[in-house]
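Q: Swiss-Prot feature annotations, pasted as is:
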- 757-771: compositional bias 'Gly residues' (COMPBIAS)
- 268-327: domain 'Collagen-like 3' (DOMAIN)
- 512-570: domain 'Collagen-like 6' (DOMAIN)
- N106: N-linked glycosylation site (CARBOHYD)
- N121: N-linked glycosylation site (CARBOHYD)
- N183: N-linked glycosylation site (CARBOHYD)
- N345: N-linked glycosylation site (CARBOHYD)
- N360: N-linked glycosylation site (CARBOHYD)
- N483: N-linked glycosylation site (CARBOHYD)
- N709: N-linked glycosylation site (CARBOHYD)
- N712: N-linked glycosylation site (CARBOHYD)
- N715: N-linked glycosylation site (CARBOHYD)
- N772: N-linked glycosylation site (CARBOHYD)
Amino acid sequence: MANNVNLLYGLPQRVITLPANLIQSKSKIFIGNGDPNCIIGNNCDMYIDKNSNRIFYKCGCNWLLTGTIMGDNGFIGLRGSKGDTGNKGEIGDNGENGDIGQIGDNGSIGSKGIKGMNGFNGSKGIKGDKGTDGIKGDKGQDNFGSKGQKGETGSKGDDGIKGITGSKGFKGDPGTKGENGINGTKGLKGSQGDLGTKGDDGIKGIIGSKGIKGDPGNKGEDGIKGTNGLKGSKGETGSKGDDGTKGITGLKGTKGNSGSKGDDGDKGIQGLKGEFGTKGNVGDKGDTGINGEKGSDGDKGNKGLDGIKGDLGDDGIKGDKGIKGLKGDTGNSDKGDKGSKGDSNFSKGGIGDKGSKGDNGSKGESGDKGIFGLKGSKGDIGDKGEKGDLGDTGLKGSKGLKGSKGDKGLVNVKGENGFVGDLGSKGSKGDKGESGDKGDIGIKGDKGAKGVTGDKGDKGTKGFIGNVGFKGDTGDKGIIGDNGSKGIKGSSNNKGDKGDKGNTGDKGITNTKGIKGDKGIKGSKGDLGSVGEKGEKGTKGDIGTKGETGLKGIIGDKGELGSKGIKGLSESFIESFYQEIPGTFVSTVPDGAVFGYLSAAGGGGGGGGIELSSLAGGGGGGSGCFYLLPLTVYPGSQFTGTIGQGGSGSTISAVLATKGSDTVINYGTLTFIAHGGFPGSSTLELGGNGDTVTYPLPVTPAPGGTGGNMTNGSNGSTSIFMFSGAGGGASGLNSGFNGGNVGPYVGGTSSPQIAGGGGGASAFGNGGRGGNTTQAATKGEYGSGGGGGSEFSPSGSTNGGDGGDGFVRIDYFMVPR
């Protein structure tokens, strides 16, 4: 069965002085290969199978399997503390906003809409046949009137709720700008007739003052952004739309004398056509005017569907043939001020039908530069004048017709739809979605679940090795050796009664007189005689255990011959937690701790009183107790719970005795309960029963002792790391009965009189004494039962003694070095 069975002594333990100096049986730990044989070991011994790391506990003649050593897994559980970080995962809820970010992608399409403002170059109007240059006449009174004031830009209309973008429709006739607000009314623009042959230049009129540019209208508030509609598929290129409706023909101006044509200014708003001036003499051929610069092509916008072809404009009225004037002096070719660029938002009138070529007027002399009359809307092409000198070829300013690029403005209207696209930038909210990534951190919190794995570490009943702690009790004898140090004090008795002054001798430690105390060491001879007992008288000195000054008495450690349990104490013991005040408690596992040894008691049962004359009450029962129960612990974790209070003794007949309350210890998912003892009876002379414990071990705890019934209470029992409480003794007329015992602790005594029963003992204290005719019942201690009350107690007191309060003690150890 078990081979190479070795007795193990060197395990790290501490000699623990428990509240009442409990001396436990000398448990042993055996280590071998395979299951233990029933012939080895005694009750409460432990056996560890090296092959399987299983732990057995001997109970009676049987070895009970209690668990396995799994300490290593327990260390993995330490990581569970990181689980706290998981709380941040809640921030991840914001990540849902990321979906809105996709709408932002549509917004980028809207930016292309801005390019739409430039649009495709409007289809250039069909250039009319170049008319024969007429004879340059006197510059007519083609007064370029002051530029009409630019209509104020209408306030931008509130953007309507953006509807779902429909499929792109065909380009319709340019209409007034819709949702972007009503444009200010523009002066009537004459429809542009087809370019005819250039008539004689009239006298250059004085350049009219530049019209005041209207103030831009207030921008309307943006409307509520509608959801972006589905982008329509790009339509097929439609057939070229008809020219737009012909604009209203401006009033025909009088023909002015042809002057030298000045450089074409930028095309301004077309004014009223001036009247033809009298034909002047044909002037000298003017220098060929500088061709106007070709306007730069606008950025190519997304090609929109071609609009429906506008109706062909009516043919312009053929202009009257101008009289050929004398060639005027060459007019100043000063380039006119650049006219304000026409508002591109307005619909361009369709190009009128090509007018008949006007007759060339006779070239008259260049007249004085006339005042620039208001530029009338381009009138009907006059009759083709006589062919003038080639030089009369006007500046290609007619190319100013390229101002038709203003049609791009029409495309702009389309482009403004692109502005709606800007709202798509709202998709930036999608960036918030990135903060949603923080939610991933929340996933880290799952690691906290590993902390549960740490509970597996609790299985690491490796601490069971702590049974050697029982052995440590032997070390308690070493504590008795401390009494031996008192014997050293007894050595000072060699000096006689002055030994009491030995307290002042402590002062002598500061003085050289303390050296005389060294002579006291010779008093070790006192070990031989009962002089040491006199040292017990020195217990008075205990009052001033200053005798501890005789720490030199540590020499008495020699009495610790069996102090093998002390080995490793200084190396592995960290600290102890102890509380005996009833109520809640919290103990935090210190740094470095790996093992904890739990000792605890519940509240003892209260002693019974009397109800009828000549009767006394039974003693209360003792509580269940834990003793050095080993646990695997983790630094920073906590033991919490409640310490039980002793039950109240009975008071006369009005209030019966009560049961002691339980002591509850919680650690992680584990719960340990030391149940309180039962109260003594006040009516039937019965003692209260002792109680037991509840713990998460695969064994049944020993039952509590039974209260006496005209007998002494029965003793408590023991099981793995626990003791049950003893029963209280019964009361009697001629003599009461004693409470039961637990280990070295005895039940409360009674007396051969009408007396209450003695309280049952606990594993840590004696039971309370029963009351009689000369003494009152006493309280129990450390979970033992209170004594029963008696009718004939002094002053007529009949109260039973209270049960002893419980306590909790936890000793923490590190890994042995």
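Glycine too: its Cβ is placed from the backbone N, Cα and C atoms.
Would you situate these features in the structure and describe their surroundings?
A: The list of residues near the compositional bias 'Gly residues' (757-771) in space but at least 6 beyond its ends in sequence, with Cβ under 8 angstroms from a Cβ of it, reads 18-20, 22, 599, 601, 604-605, 607-608, 616-623, 625, 627, 677, 680, 685, 687-688, 690, 705, 707-708, 712-713, 716, 723, 725-732, 736-743, 745-751, 777-790, 793, 797-798, 800-804, 807.
Its own atom aside, the Cβ of N709 (N-linked glycosylation site) has 16 Cβ atoms within 10 angstroms in the protein chains shown.
For the recorded site, N712 (N-linked glycosylation site), the DSSP three-state label reads coil.
N772 (N-linked glycosylation site) counts 25 other C-beta atoms within 10 Å of its own C-beta, drawing on all protein chains shown.
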Q: Would you say which of the glycosylation sites N712, N715 has the most Cβ atoms within 10 Å of its own Cβ?
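A: By the 10 Å Cβ neighbour count, N712 comes out on top.
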Q: So what pLDDT does the domain 'Collagen-like 6' (512-570) average out to?
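A: Value for the domain 'Collagen-like 6' (512-570), mean pLDDT as a whole number: 45.
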